[in-house]
Amino acid sequence: MKFFALFIQRPVATTLLSLAITLCGVLGFTLLPVSPLPQVDFPVISVYASLPGASPETMASSVATPLEHALGRIAGVNEMTSSSSLGSTNITLEFDLNRDINSAARDVQAALNAAQSLLPSGMPSRPHYYKVNPTDAPIMILTLTSDTYNQGQLYDFASTQLAQKIAQVEGVSEVSVGGSSLPAVRVELNPGVLFHQGVSLDAVRKAISNANVRRPQGYVDSEQQHWQIQMNDELKTAENYRPIIVHYNNNSPVRLQDVANVKDSVQNVRAAGMSGGEPAILLIIRREAGANIIATVNRIREQLPALHESIPASIQLKVAQDRTPTIRASIVEVERALVIAIGLVILVVFLFLRSGRATLIPAIAVPVSLIGTFTAMYLCGFSLNNLSLMALTVATGFVVDDAIVVLENISRHLEAGIKPMQAALQGVREVGFTVLSMSISLVAVFIPLLLMDGLVGRLFREFAITLTTSISISLLVSLTLTPMMCAHLLKSQRPKAQKKIRGFGKVLLKIQQVYGRSLMWVLNHSRWVLLILAGIIALNVWLYINIPKTFFPEQDTGRLLGFVRADQSISFQSMREKMKNFMQTINADPTVDSVIGFTGGGRVNNGFMFISLKPLKERSENAEQIISRLRIKLANEPGANLFLIPVQDIRAGGRQANASYQFTLLADDLNDLRKWEPVIRKALGQLPQLTDVNSDKEDKGAEMAIIYDRDTMSRLGINVSEANNLLNNAFGQRQISTIYQPLNQYKVVMEVAPEYTQDVSALEKMFVINNQGKAIPLSYFAHWQPANAPLSVNHQGLSAASTIAFNVPEGYTLSDAINAIERTTTELRVPSTVRGTFAGTAQIFQETLKSQLFLILAAIITVYLVLGILYESYIHPLTILSTLPSAGIGALLALELFDTPFSLIALIGIMLLIGIVKKNAIIMVDFAIEAQRNGNICARDAIFQASLLRFRPILMTTLAALFGSLPLVLSSGDGTELRQPLGITIVGGLVMSQLLTLYTTPVVYLCFDRLRAYPNRRNCCRQFEHGQRGKTGTYT
């Protein structure tokens, strides 16, 4: 410790060093981004392919299957799922967390290129991919509404102007536009007139396609001039298309306007967005990985006035949802808890030392250690988030411990009359190794967590590094700044000048005396203490096995997601009305601030909602209670169900479901899956541990099965390709031409007019022109019958899959639900051909359950190795670690008492306790070893004297850690769900540990000393009880 004597003797250098640490920390703080949780990027890529008009089964067999075969060969794919619906296929690839997303994207593009030749020729565009981060919810949603512009025009404004400008804002990664589609010219055919005129639908398609072409025409050069050739070969509007001649009948032209209604509309009329139940276009904004979410939202808001000016005045642009208010409030709450924690630990120091000057020393040392941590956080690319700020709050109790141990020991020498400089040098020399052991062993606790891979390792790496950095800086400060300030701020006291003990000091003296007498009794009955310690270890195991467990505390972020599932045969118009009814009911609730949503696309019977709740201080219910109440109010809508889940800051897995957790059934034989899925879903729906049980299996959609008579077709001169073209042209919203404009490209869409497709009689009006030019009705060579057909076909890997989604009701935990599902599937005796596996968050939870015990054991073993190296002993580390069972039982009992499930946050609390509670044992054992080595006294005398002599710093450090964590327990604002489990675990563990380890540690120390000395140990201290009576020390 001679090195640190230089800092005590050079106050200017030490002061400037501390100032430099503080200034760098302040600079780092201003540069740190803000986010709700540490950035955890799941490498997920989604592939999208479309074939308008194709059935889900056709999309699955002709598009999804060849793509899956190609994509499944990519290295590092953990899971591949696909969902094929009407006209579209989505394939989601979840890669290993260590896989670089950019490298994976290149492999995906190569696989798509390789599979291109196997895909149908009629696809309007090649399959494309986009990167997805399932853990990152939208940071802001804007809406566009207008009384004068239609939805297509609003969508055009949003996609061509607003989305481009918002995407250029620093921190924005993606702007998605939803609620409608781009403008288009729609050609709505009249089948009766076409038949009367003898014009086939394919003839109309070819006429339109040939009338609108864009090809280079070239140029003409003369000796003096150059001319470009430009022709009127493009048609831009519906008015331009109406005069097109599609056929001649008796030398009279048949124009498009004669056989169809040609109008300016949108590409997809079966898509709708709403805000508060009224039509709206949605701009969904996501941030870049690692971007400051609050700064990004602020920059977007700064751009809003300019965006308003770029669009017509009759268009209203509004912020419908902003993710940052709850994040701001949560960060403020954690910062408030941090300030309160600092104040409480300083109060603890003042109560024990009763000196303003002595209290000033940790009041300076603690902020220097905490503020300096911001520098390391910035250099490591971390952010200010709930976990990193919680780490600093908890660290408040840790960093003051080092200062307390040094300060208390120097104060003891000053009370003995030693001069300040000498007291500082001697005090650091005596406890320097103790402080070093405390800090290094605490840092060692987090080594396994830092080396851990997967979600848990990624999520808590910032927490661990932030905490270990603050502890490391605290170690430096406690051995440099703290003793230097003691040497120059504190004064020595002559023994005769000591003040009379009174007030809090008198209370502490009484407590110490009681402790001394009780410790003597315990040392005389050590066998009972060892039996109690064994019982505590057994109780720890029982409590850990039986305590309810969950993955992550359920957060109230002020946002809900709504999933609407209607009857599978519902029309788009009816679905839109049901969405409107649901949204109006939700919007009328006093706790709801806004609701927006959309429906349509490949699954007409599905809808999606974003719901913003009022700030927590303006409502008396949490998100889960609001969902329970709304569930009852929304249950009366016939033919449709609305599932609500609270939005979480962390979500595992790339799949989206109608509930928070998923259980997937896989089968190689689709018939097995169809047989067992309803049975399992019904059984799970009856379990009290589950609610909102639903499945993505939709195989009851209404279908009209058309059966060709191939012999008749051959006789009539018609082939299958012509018949299929007829149906696609009539009912598939077929995109038959492209309109090129300076800002965008628009489509010409053709189908039979809606008034002729209200029922199956529309098929009777369809006809084909055969090879002899005659109009042959579809009914001549085909018949049809109603049937059930899937609205979606789902795969996982290359197996047929069906996902059962569920939520967990109040009063139960995720572990309860998983155990109930596993028990039920076993009782049903599901055959081995149908496999059940948990997905998403439930799957990650199962994986973390397996690693939790390993993580705790690894932390204990690491601490043992570090302590063994520091003490050059196999025995003393075991004595120090004997404090852990009492802390564990305190933490688990506290969680049970507060009805809080054991989660990842509680696990971190347990690991922190491993580092905290052993400090008491280190302080006692270190002094006992020193006393035995230098004082030539027996182990019993040494540990007794160490326990009494170090009673005050032990009590001070424990109370400092306890009060540092107390604000987390008592917090009540935004983000409480994350903070309370950590605080409850630490406070419960510290209270129980303080009550028990003051007795168990001396007993274990003596027990190991006897084992080590056996069989030649001496029977020392025969007059121990008589000689030590009254030796309990004093306070001044």
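Glycine residues also receive a Cβ, built from the backbone N, Cα and C atoms like all the rest.
What Swiss-Prot records for 12-34 (among others) is transmembrane segment, and it gives sequence analysis as the kind of evidence.
Among the features that Swiss-Prot reports, transmembrane segment is placed at 336-353 (among others), with the record citing sequence analysis.
Annotation comment: Swiss-Prot describes 360-382 (among others) as transmembrane segment, evidence class sequence analysis.
Annotation source Swiss-Prot lists transmembrane segment at 431-450 (among others).
The transmembrane segment feature in Swiss-Prot is assigned to 463-485 (among others).
The annotation transmembrane segment is assigned in Swiss-Prot to 528-547 (among others) on the grounds of sequence analysis.
If you look up Swiss-Prot, you'll see 853-875 (among others) marked as transmembrane segment. Sequence-distant contacts of the transmembrane segment (853-875) (same chain, at least 6 residues past either end, Cβ-Cβ under 8 Å): 433, 436-437, 440-441, 444-449, 452, 456, 544, 881, 884, 907, 910-911, 914-915, 918, 922, 929, 1008-1009, 1011-1012.
Among the features that Swiss-Prot reports, transmembrane segment is placed at 895-917 (among others), with the record citing sequence analysis. Sequence-distant contacts of the transmembrane segment (895-917) (same chain, at least 6 residues past either end, Cβ-Cβ under 8 Å): 394, 397-398, 441-446, 449, 456, 459-460, 463, 467, 543-544, 547-553, 813-815, 848, 852, 855-856, 859-860, 863, 883-884, 886-888, 961, 978, 980-986, 988-990, 993, 997.
Same-chain neighbours of the transmembrane segment (949-971): 333, 336-338, 340-341, 344-345, 347-349, 352, 390, 393-398, 400-401, 404-405, 408-409, 508, 512, 515, 916, 919-920, 923-924, 927, 979-980, 982-984, 986-987, 990-991, 993-994, 998, 1033, 1035, counting only residues six or more beyond its ends whose CB sits under 8 Å from a CB of the stretch. Per Swiss-Prot, transmembrane segment is recorded for 949-971 (among others).
Residues 394, 515, 518-519, 522-523, 526, 529-530, 532-533, 536, 875-876, 878-880, 882-883, 886-895, 897, 909-910, 912-913, 916-917, 920-921, 924-925, 928, 939-940, 943-944, 947, 951, 954-955, 958, 961-962, 965-966, 968-969 of the same chain, all 6+ positions outside the transmembrane segment (986-1008), place their C-beta atoms under 8 angstroms from a C-beta of that stretch. Residues or ranges marked as transmembrane segment by Swiss-Prot: 986-1008 (among others).
When the stretches 336-353, 431-450, 463-485, 528-547 are ranked by Cβ pairs under 8 Å to the transmembrane segment (360-382), first place goes to 463-485. Residues of the same chain lying 6 or more positions beyond the ends of the transmembrane segment (463-485) and with a Cβ under 8 Å from any Cβ of it are 1, 4, 7-8, 11, 14-15, 17-18, 21, 38, 360-362, 364-365, 368-370, 372-373, 376-377, 380, 382, 387-388, 390-392, 394-395, 398-399, 402-403, 405-407, 410, 424-425, 427-428, 432, 435-436, 439, 442-443, 446, 449-450, 908, 912.
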